[in-house]
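Report on the following structure.
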Amino acid sequence: MPVTCSYCGVLCHPGPSIRTFTVLGRTLTGGCPKNWPSRGSKQHIGTGCGAWGVVDLIDTAATRDRHVAGRRIVPEEAFLLYNTRRSSLACFLSLLSSRLFWVAMRPLLFATAIAQLVIAVVDITTVPRETSANIVPGAYIVELTPGSSIKRGFASPHEELYHDLARRGVFWEVTREYSCDFMTGVALKLGSDSDLMKLAQSEGVQSIIPVYSHSLPDPIDPQILYGPYQPPSQPQDTQSSHVMTGVDKLHAQGTLGQGIKIGIIDSGIDYTHPALGGKFGPGNKVIGGYDFVGDAYRGSSGPPLDQCNGHGTHVAGIIAASPSNPFGISGVAHEASINSYRVFGCSGTVSDDVIIDALIRAYEDKNDIITFSLSSVGAWSTSNVGVVASRIADKGRVVVASAGNQGAIGAWYFGSPGTGKGVIGVGSIESVVVIRRGGCALADKITNARKFEAQYFLIYANQPLEQLDFGNATAALITQQDGIYLVQQAITANETISFSNMPWNYPVAGGGLVNAFSTYGPTNDMYLKPQLSAPGGRILSTYPVKLGSYKIDSGTSASTPFVAGASALLLQARGRSPEVAKSAISIFQNAATPVKLNKTSSLLETAAHQGAGLIQVYDAIKNVGSMTPSELLLNDTAYFKKSHKLTIKNNGKSIVTYDLTHVSAGTASTLKGIEVIAGTVSLSSNAASVSISPSRLTIIPGFTATTTVTFAPPAGLDSSSFPVYSGYIQAVGSDNTTLRSTYLGLAASLKDMRVVDNTTTVFGAGKKLPLIQDKNNQTVNGSATFTMQGTDFPFLIYRLVAGTPLLQVDLIKASTNVTSNLRKRGEDAAPCLNLEEPEKNQNIEPVSSPLSRRFIFDWLFPSKGHTYGGSFAQVPTLGVIHQDDYPARNSRATTASARGFNTLLIKSFANETEIPDGSYKVLFRALKITGNPKNEEDYEVWTSPQLDIKRI
């Protein structure tokens, strides 16, 4: 008779032969958690009809504490249960042909991840005393003015630059040279920042930008599959990701990407994989490419073979895997030709200069499509790599980049280079049928279980999976609820359980919805990002043969190559031309299907998370109509653009009548106080008011018609939450087609968004940011003296709660008092954002604009009467300590390395000029988003306590 545990209130089943069998919530454990034994011991549990043993119990102390705290967290390690004597379960065990029934489970709840994002108070004494940045020290990309060198008798702008550098006594090392029809420049390393000043004075220098490093996105819930698996006979192309996007229909019609070239910038490809052709070079699937880094970033002259990383191989399979493989999967465009550009080694990061080199080579190799599934925190449309990618897109190539996997960090965080203008930024949507498992790798669990002579397994978790083979061991995966039910029924009743050999696909609860990990937009300059979403949740694809051959992985690294493959199908069907390539975004957005927030809600997910929605490749290619623009950018309230023209063209052979309506999406509250809301952004039903006139258009073949759409921001919203509203203008045609244009706006003024954290949230009472520490990690409140020797330097810690177009740190005299009586700066300031015409936010068109919006670091040139200063608030500044253009906001992490905050060790002026002995203050300023850098009232300003520099 079941009894209730007096400790935890959970139902327990006593057994005569041994102790108890406990069902704790949806978890199986041995006994009450109060009595759990230590790790590695065995505790017998069971019922009167049979005995079971628990092998290698979890670390129970931590789990017991979590249970006591009221948090029912499922242990991540599995229980291995084996039958110790014959019983009424014999039929069940015989059916499995095993003495082992293996049960695995894993919570992987996004809500738990969100709970961990709440800022914990950081011990400030543990912060490393070093400058935090992802900038490569001493490395710069210099863009040169083409043609100027000829006037001075040099063969190239590069030769002219090198001559000037040598004449000025600069120590430099060239790492890359760029020379193509959209960029002339060089990447180099300098010996010191004093050399940087001489570089800036050289002839033909158009811009100088620091080099940033990038890493591949972390995998989301990866699973490597070992051993052969031969699926039952089934129709061609039943992959859920293909079916949900119409790719299967195009495959059935023979549209497979033939004749299209796709360049993949990633970790290389294991082209020895049978599903990827098995060979490298012309006539094979992987026809070419280049290895820029080798395994250990020492460069390579060999082909771009990846046998140690795997990221690029997984990407390549999503695009181009041949269908004749053991798992029956196929690439979206599996007859396209692939060029591989290896920019990541076995591990580690890569710098801007290498990625730009790869982009230029991919362009010059005449790839029709270029895709890269890397993403760094950016949230601005003008990152270094993003601008170069924009120029390539402007030349008539399809460029696709990932959103990033930072959805847990909230809005205003979209990844670069996907922020680039004309670059298709891609979010991720869960596949309808996926594979799910928990704990350590399935292969490792199977291997361990095989030691007990098991051959077949039932594995249950909190999502359904398909049947998989692991050598001679077959695992059938079922839902957690079904697994618990089977175990309970087998233990409490004399039941015989049978299974048919027919496979079944079970729909996933979150299938077809935006993945929680997919990064939110929009950009800080109010561009719609992502623009599209594609299947990226739990995608089975190729993996290096030496690492297992196949892998299930999730992330925008998977959804991005899906769109690249879809673009190949589009180019094959519509024709390889710059015009079609430039229209790819619009064609896909017109046909995309917006998805709901969840299965029970009537609200559509915000466009800041899904863009135009789930890509519908078949509909995009077959649509005879088009609606432009496919994006309506309404801006914020200060620069609100309420009226837009929409033009529909009928490219078909029959008259089509379109009825236009407004379909609203959920409005996202993005901030609470000064902090961006972490995790799943909450949505409300407050929608924009929209009028469409005329709302019906009848268009004869080959002609266009235009309507006017007028918007008013949603009413009843708290502007301090910076609500992002969005939706779709939908045109339903009499030919049974639907076209959509996506709109996005902000029901607040971006200029009102706080930029600099001025709270004690991160480090606790008495440590309000920004702050200065001394060598003993003590916060300077009154004044402090520094010898500028050893470790005795001022240490600045600050945090951005929003992005800023310009952050600058200067030194001023200690006697200076910066007041609110502000005046304009000089004319050399950076240009301001133009939200009334967002396309002008990059200053001038991408093809001709410098990589940086600022011509050059303005602090490189001395000012008369100062070390190289200027003025602010009618007082002189002595010199720049640090400057950063367009930095993104910080996250809620608890370390500087994870971008929770920023640190700056002040050793000298930014150009390495020594700071003389004296008394100073630090002047810290950050330009507000949309602020005019010529107006000092548009900056947030902080001045430090007095810092006395006195060398011994």
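Cβ atoms are placed via backbone N, Cα and C, with glycine included.
Database features, via TrEMBL:
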ACT_SITE  ASP266  active site, charge relay system
ACT_SITE  HIS311  active site, charge relay system
ACT_SITE  SER557  active site, charge relay system
DOMAIN    257-576  domain 'Peptidase S8/S53'
DOMAIN    634-737  domain 'C5a peptidase/Subtilisin-like protease SBT2-like Fn3-like'
How many Å lie between the Cα of ASP266 (active site, charge relay system) and the Cα of HIS311 (active site, charge relay system)?
-> 7
Summarise the model confidence on the domain 'Peptidase S8/S53' (257-576) as a single mean pLDDT, whole number.
-> 85
Taking DSSP three-state, what's SER557 (active site, charge relay system) in: helix, strand or coil?
-> helix
Hey, how far is SER557 (active site, charge relay system) from HIS311 (active site, charge relay system), Cα to Cα, in Å?
-> 8
With an 8 Å cut-off on Cβ-Cβ distance and a minimum sequence separation of at least 6, pull the same-chain contacts of HIS311 (active site, charge relay system), or say none.
-> LEU216, ASP266, SER267, PHE344, SER373, SER557
Measure from the Cβ of ASP266 (active site, charge relay system) and count the other Cβ atoms within 10 Å, all protein chains considered.
-> 29
What DSSP gives for HIS311 (active site, charge relay system), in three states, is helix
